[in-house]
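Going by TrEMBL, these are the annotated features:
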REGION    39-81  region 'Disordered'
COMPBIAS  45-74  compositional bias 'Pro residues'
REGION    100-131  region 'Disordered'
COMPBIAS  101-123  compositional bias 'Pro residues'
TRANSMEM  170-187  transmembrane segment
TRANSMEM  199-218  transmembrane segment
TRANSMEM  256-289  transmembrane segment
TRANSMEM  321-343  transmembrane segment
TRANSMEM  349-368  transmembrane segment
TRANSMEM  373-392  transmembrane segment
TRANSMEM  404-437  transmembrane segment
TRANSMEM  444-464  transmembrane segment
TRANSMEM  484-502  transmembrane segment
TRANSMEM  509-533  transmembrane segment
TRANSMEM  539-562  transmembrane segment
TRANSMEM  599-620  transmembrane segment
Amino acid sequence: MTESHQAVLSRLSHEFDALARQMSRVSGELTQLDRLFANTEATPAPTPAPQPAPAPPPAPAPRPAPVFVPPPAVAPQQASPQQEAASYWQNYWQYWQPASVSPPAPRPPRQYPPRPAAPPPAQRPDTGSDHAESGWIGKLLAVAGVAVTLIGVVLLLVLAAQAGLLRPEIRVTGGIALAGALVGIAVRLRGRPGGRIGAIALAATGIATAYLDVIAIVTIYKWVAAPVGLVLAAVVGGAGLALARRWDSEHLALLVLVPLIGLAPVLTHGVNLLLISFMLALSAAALPVQLGKDWTWMHAARIAATTLPLLVALPAARDNAWLLGGACAVAAILAIASGLILLPATKNPSAVAILTSVGTAPVLAAAISVDRVLAAVLAAALAVGMLTAALIGRHPRIVTQIWLVWSAISGLIALTVACSGYVEGPVLLALAIVIAMVGRQETVARWIALGFGIIGCGLFYSYAPLYSLVRATAMPGTVAASTLAASLLVIALAVVLTRVWLDSEAAGLLMATAAALIVYAVTAFTVTAGVFIGGTGGGFLAGHMAATICWIAMAAALFVHALRSDREHRTESITAGLALTGAATGKLFLFDLATLDGIFRVAAFIIVGLVLLSMGTGYARSLAR
């Protein structure tokens with residue numbers, strides 16, 4: 001009995017010892033928690049005294065004393081006070097193992113110190129519709145202010161002069177002072193919160209005021225000549241563009257450049273070489289403002305500055321045509337160089353590529369007033385330049401495609417301008433064959449070849465229309481030579497395009513079209529050659545006899561190709577061979593029987609019959625094998 005009391009006392013002693021250690025640890029952690037609350041809150045909340053955990057009921061049977069297992073060391077981490085409190089009580093109940101009997105007593109609920117009341121969440125301003133509405137209102141008011149101010153400047157410079165209110169010097173000086181004051185206020189306003197829109201509007205108004213002053217000096221008061229006025233306007237525009245780049249504002253750059261484009265014709269009294277030269281210089285000088293900027297609209301304004309005056313000046317042709325041609329070349333070089341320089345920084349490469357191509361449009365329109373040789377040279381040089389720009393460097397695919405198409409258009413215009421008579425058709429067909437063979441892996445090149453081929457076939461049909469093949473028609477030597485060359489080139493183009501587009505979905509339609517073209521080209525070649533050599537009598541009949549024999553020979557070749565092909569690829573050749581055999585037989589009985597006479601009719605029937613016999617015999621033997 002004595003030993004039993006001693007065991008109970010020993011167990012209770014160990015439990016109280018463990019409880020004392022735990023309470024000491026709780027006291028230290030609460031002190032640390034109090035320091036954390038004091039650091040995060042302006043007025044620390046009083047830390048409530050921790051409630052001691054209830055002692056477990058004594059067990060009737062003696063059990064070994066529980067041993068307090070210390071938690072593993074954890075690297076200190078930054079945590080919020082709430083996280084510290086939750087972590088503490090979780091660790092407390094995790095590592096506290098009181099002695100209990102089986103079944104164990106239910107775990108008491110976790111005790112957490114009261115959390116301080118969190119401050120109410122700050123109300124976020126509505127940055128959506130309210131901000132957009134405020135921005136539009138500010139822009140609308142700024143635009144209205146710009147318009148009213150400029151109207152006032154016009155009244156100062158023009159109407160006041162008509163009424164004789166102030167001397168011209170006072171009016172011009174007042175305009176300059178107003179322009180400087182507006183720009184100065186814009187610079188001051190730019191550094192304040194929300195002052196960007198107002199600063200841009202004020203700066204644009206000041207620059208426009210300076211432009212109006214230049215107009216008054218040159219056109220109203222005639223104090224300086226037009227070239228000097230252009231220099232003054234360029235100085236004003238350059239200062240405005242420099243300010244736009246410093247502020248990183250494309251809107252300000254546009255408000256500086258676009259009015260200058262409209263102002264320059266007023267200073268030069270129309271579109272002439274002086275205006276064109278100024279616009280070219282202005283576009284080149286504005287290019288550094290765009291370096292490293294994604295300003296697509298600025299690029300469009302620069303392209304318009306060089307393109308529009310040239311397109312207006314070319315039909316008028318009041319100036320030296322060679323100088324106009326040189327200006328067109330400079331504009332094209334500037335457009336291509338600008339596109340290559342600005343492409344790396346833009347997020348819209350397709351727009352830059354299209355604008356660059358549009359900038360070269362005056363070269364393609366130069367044939368309106370420029371000498372034909374010079375226009376052809378310019379268009380050919382543009383085709384080579386666009387092709388080079390598309391192939392050099394690593395451009396986005398859409399840029400390469402756009403510039404390749406523009407190069408093809410330039411080459412087509414160069415051929416149209418350079419070639420006269422009946423040379424254009426064969427040249428286009430030959431170029432289509434070369435493009436199809438060289439660029440067979442590129443979709444754009446194949447489409448370009450197809451486009452050139454369609455135009456070339458259209459020209460070929462104009463050389464050899466259907467009525468000239470049905471009736472004996474004598475042709476001049478140049479037309480006959482072009483027709484013969486174009487016929488052979490059409491046959492070659494049909495074969496090349498069929499092989500290039502063989503894997504496309506429209507391969508069947510393309511093969512049928514190619515077969516029809518080949519049949520027509522063969523007929524045109526034989527009839528034209530017969531008429532050219534033998535005249536409209538025997539030559540015409542011999543040509544049609546040869547055409548019928550060629551038709552049946554092509555059908556036989558298709559059957560031979562079908563026999564040598566696999567069973568899966570045999571259907572197309574057999575179908576084409578049967579169709580061509582039917583066409584040759586129909587021509588033999590419907591046209592040749594009525595048109596041919598004498599030896600030509602006999603030869604046509606005998607040769608076609610022998611070929612048909614050979615085809616039937618050979619095909620039957622192949623099936624038997």
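Each Cβ is built from the backbone N, Cα and C atoms, and glycine gets one as well.
For the transmembrane segment (373-392), the residues of the chain that approach it from at least six positions outside its boundaries are 321-322, 325, 328-329, 332-333, 336, 339-340, 357, 360, 363-364, 366-367, 399-400, 403-404, 406-408, 410-411, 413-414, 417-418, judged by C-beta separation under 8 angstroms. Contact between the transmembrane segment (509-533) and the transmembrane segment (256-289) is absent: fewer than three CB pairs lie under 8 Å, with pairs separated by 6 or more positions in sequence. Counting residues 6+ beyond its ends, the transmembrane segment (404-437) has Cβ neighbours under 8 Å at 357, 360, 363-364, 367, 372-373, 375-376, 379-380, 382-384, 386-387, 390, 444-446, 448-453, 455-457, 459-460, 462-463, 478-479, 481-483, 485-486, 489-490, 492-493, 496-497, 500 in the same chain.
Counting Cβ pairs closer than 8 Å and at least 6 residues apart in sequence, the transmembrane segment (444-464) and the transmembrane segment (256-289) reach fewer than three and form no contact. When Cβ-Cβ distances below 8 Å are used as the criterion, the transmembrane segment (484-502) is approached by residues 425-426, 429-430, 432-433, 436-437, 440, 446, 449-450, 453, 456-457, 459-460, 463-464, 510-511, 513-515, 517-518, 520-522, 524-525, 528-529, 532 of the same chain, each at least six residues removed from its ends.
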